[in-house]
Structure formats: C-alpha cells, structure tokens
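As recorded in TrEMBL:
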type	residues	note
ACT_SITE	CYS353	active site, nucleophile
BINDING	ASP246, ASP273, ASP303	S-adenosyl-L-methionine binding site
DOMAIN	125-464	domain 'SAM-dependent MTase RsmB/NOP-type'
Amino acid sequence: MLNRNYTLNEICVAPMQDLTTFRTVLDPSVVSFLGLYHDIEGHLESVINALARPPSVTSLRVNTLLCSSDSLLKDLSDVLSPYKVERHQSKDHCLWRMDIQKLPWTLSDPFTPQQPGVLAAVSGIQAEDKVSVYIDVDQQVHKGLRVEFEGRKVFVGNGTTTMSRSAFYKSTGVAVRMTEGIYRSPPLNGIFPEKCYLQNIPSMITAHYLEAREGDRIIDMCASPGGKTSHIAQLMRNNGTIFSFDRNENKVEVIRQLCQRLAITCVRAFAMDSTKLLEGEEQQKWREEFDIRPESFDRILLDPPCSGLGQRPRMRESMNLVDLFSYAPYQRKLFHTAIRLLKVGGVLVYSTCTLNPQENEEVVRYALDHFPVKLVGGPQHLSSLGSKGLTWRVKSEGEIEEIMKSTRDEHIPAPHGSQKKRKQKQVKIVMSESLKEEEAELVRRFDPSKDDGIGFFIAKFVKIADMR
C-alpha cells in the first residue's frame, strides 16, 4: 500500500508491528509438531522469533577461477564506501542500523518479483512521492485497495515511488526505491557477476563438506539454482565432471547460464527427476553415453526439495502437517538412488534449509538403518561452525496426542483470493528413534536463533559396502 506524505498517525488504523519484534506466523499444528523434538524449554520459541528477521550478515562467495579475495575486496571498496564496514572474526559483513521515521504507507507483495509487487495504495500517489512500505502478514488484502488496510501488517522501511499509482498494476520493474530500512545493507545483488556470488554461509560450507578433488565424477542431485554446483566446480578447480540435475528445464537453464558467467566448463546440467536416473529403458542410451551407472560416482551432493522452514526472513507460512509430511518420503527416495550411484568409499553430503527434524535427523537415522553407510564429520577447520544435531526422547502415542490435540484442527487462513483449499486430512505422527549422542555430534545444524544465519542442516556419509 502507498500513501502520500501524511503523518502515519493520521492514516494508520491497522495493527502494525516493527519487524524487529514480529514473530513468524506458522500453522499451530506445525509448531506443536516441531515442539515434540525440542526438549529445551523456550528453544523453539527463540528459533521461530528469529525467522521473521533477516540475518545481519551478507555473504559473498569469491569466484576463485577468475579472481582472488583480495582483488574482489579492492573492487568492492568503491561500492561499500558509503557504508560502515567492519571486519568480524573470519567474515566481512556490512551492517548499518538506522532510526527509521515512519512515513505514509505502501503494502508490498514479496512473492511476485516480476511485477512491481505493490498490492495496494491510497489514491493520488505520484512518482517521487515518499512512502512507507509494509508487508501484509496474513495475505488477506484485496489487490488494488485504495483505503487503509485494517489487517495485520509489518513495517519494513521508507522509500520513494518511481511511478504513479496507476502504473503499479500494469508495469514491470521497481515501484519504490527504498531509501531507509530497518536493516540496511549494501545492494549487492548482481554486483560483479563474474567475480562473486551471493550465497548463505551454510550453503558454502556444504560444498566444502564434499571435499571434492580434481578429476572427480560428482552428481548434484537437485542442483537448482546452481550455487552449490558452481562452488564445487571452483573447489575442484574446474577439473573433473559434475552432473547437475533438476526436474524443471527452465531451472536447468539458470544453472547453465550461471556456470557460463562464472567460466565453469566442468558442469553438465540436465532436466531430469534424479529418482529415475537408473530407471527406464528410454533413458538407457543416455545413461550409456554419459556413463551413468551404479557405483560410478566419487561424490554426491543431495540437497533435496524441502519445507524451507529455515529460510529468513519469513513473515508467514501456511504449510500444515499434511504439507510438511510430504517432503521426507521423496527425500528418502532420492537417498536410495544416490547410494546406488555412489562408489564404495565415496562421499555423500545431505543438506536442507529446514528446521524440521523429520527431514533432517530422521532422514539420517533412516539412512544409517537401511543403507551401507557410516556417518562422518566434516572438515576439521569447519568443525566450530554450527551446532550438533538434535536428540530427543521418543514420545508415546498418548503423549503425542495430548500435545497435538489442542492445535490439530487449527489452521491459519489461506491467502485472499487463493483457490487452494486447506487440506484437513489427519496425519499419524510416529517419531523415529533419535540419533545417538555421538551421531548427533557428527552432523551440523545451523540454528537461526544462535548463528545469525538461515536455518540449515548438513550430514556427511561414506559408503562402506556395495548395495548387493
């Protein structure tokens, strides 16, 4: 929503929160389910509170195929000159906190980046008007609303419009240039595109866990958008072969373009469901051409589709238990194919960007119980990053029912205008056995309430016998 230069007290009648105090809205049944695994009082609450805020660290990965860290830092110095830059331990990060004066409002839609993204604005807005930007927490606003929105909203910053209100819903591009924000960091998206890549630190660590060597044959099972694939290529000095897969051809094209931009030539990207790499007679000729066969790969990265409950910032997530429980079966299926493709003695790294133990520690438990693998730690120089995995006491069916019954039928509403009907199907909850303490020490869980980054999980396996 946009408003001309009136004072906020004159126009704002909606419940409004500052992003620094806002708590992510999750389905109550999902919160209760996650609580089954968090035995430390208050820990889950701290994690959910952290999800609403962006990390204060922005991380850039240097493309070491084309430049050094020192040369990139020199190039960045001009870009960062208007900002206060501090060196923090082993990381460089930029953080500029400001006292924000709240001005007239706009309500933004962060989910349609191809359009200006303004959902609603008061009448009369012209280009170069000063406005404040809010997010509609519950996604209940009618697009094009001209009067004050009375639902919950969160203030994210001030800016100046680049077009009139009438163009907000017709044009593409940027509707508001942000001039002040609750969290201010330099606009690094797209900067020096051949020399660096914006990437979260846990994602960078994942590639290092693979410990790729020059000449290796590697598979990235679910490679889009290509960040980890390209990093692995850098670490093996562009010498070897990486097969990168995604089910969507458009996403595969993004991987190819990224590799071209970063001068990477060792990646072969294909549109394919990785669970079917060893299936189907129609693929036999392709498998023979590229030597895709059981136990033929040195290293495999499995970063599967997941619930994404570690991504930040996250205002609202309407996913319910039925949605949440849909991921682990596919992740296990991918794991089965990956282990078949991996050589004996080869390395498999499993990672997700979710906090859900069902997709993390429980998948590790499943792998250890069903496949000839052993769990190992990551590189020693990275051992201090992140925390050990969760362990838990398995609750009885009665205990689970008691914990879940108060929220089993509660759901947050679907976004306004959504055709999606909320799934009311009941799901049976059975907790897997916990990892042993020594196993939990070997995996890495990145906790947004502690690590000031996204929620993330990494586990590393070595295959110790063939599948026969």
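Cβ coordinates come from backbone N, Cα and C, glycine included.
Location within the structure of each feature annotated in TrEMBL.
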{"residue": "ASP246", "record": "S-adenosyl-L-methionine binding site", "DSSP class": "strand"}
{"residue": "ASP273", "record": "S-adenosyl-L-methionine binding site", "DSSP class": "coil"}
{"residue": "ASP303", "record": "S-adenosyl-L-methionine binding site", "DSSP class": "coil"}
{"residue": "CYS353", "record": "active site, nucleophile", "DSSP class": "coil"}
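Sorting the binding-site residues ASP246, ASP273 by the number of other Cβ atoms within 10 Å puts ASP246 first. Residue pair the residue listed as 'active site, nucleophile' / ASP273 (S-adenosyl-L-methionine binding site) shows a Cα separation of 20 Å. The average pLDDT the prediction assigns to the domain 'SAM-dependent MTase RsmB/NOP-type' (125-464) is 88. Counting every protein chain shown, the number of other Cβ atoms lying within 10 Å of the Cβ of CYS353 (active site, nucleophile) is 22. Non-local contacts of ASP303 (S-adenosyl-L-methionine binding site) by the CB criterion (under 8 A, 6+ apart in sequence, same chain) comprise THR206, ASP220, MET221, CYS222, ALA223, LYS228, TYR350, SER351, THR352. For the S-adenosyl-L-methionine site, whose binding residues are given in the record as ASP246, ASP273, ASP303, the maximum C-alpha distance rounds to 13 Å. The S-adenosyl-L-methionine site is defined by ASP246, ASP273, ASP303, and by the 8 Å test on Cβ atoms against their centroid, the other residues of the chain that qualify are ASP220, MET221, CYS222, ALA223, SER224, PHE245, ARG247, SER274, PRO304, PRO305, LEU334.
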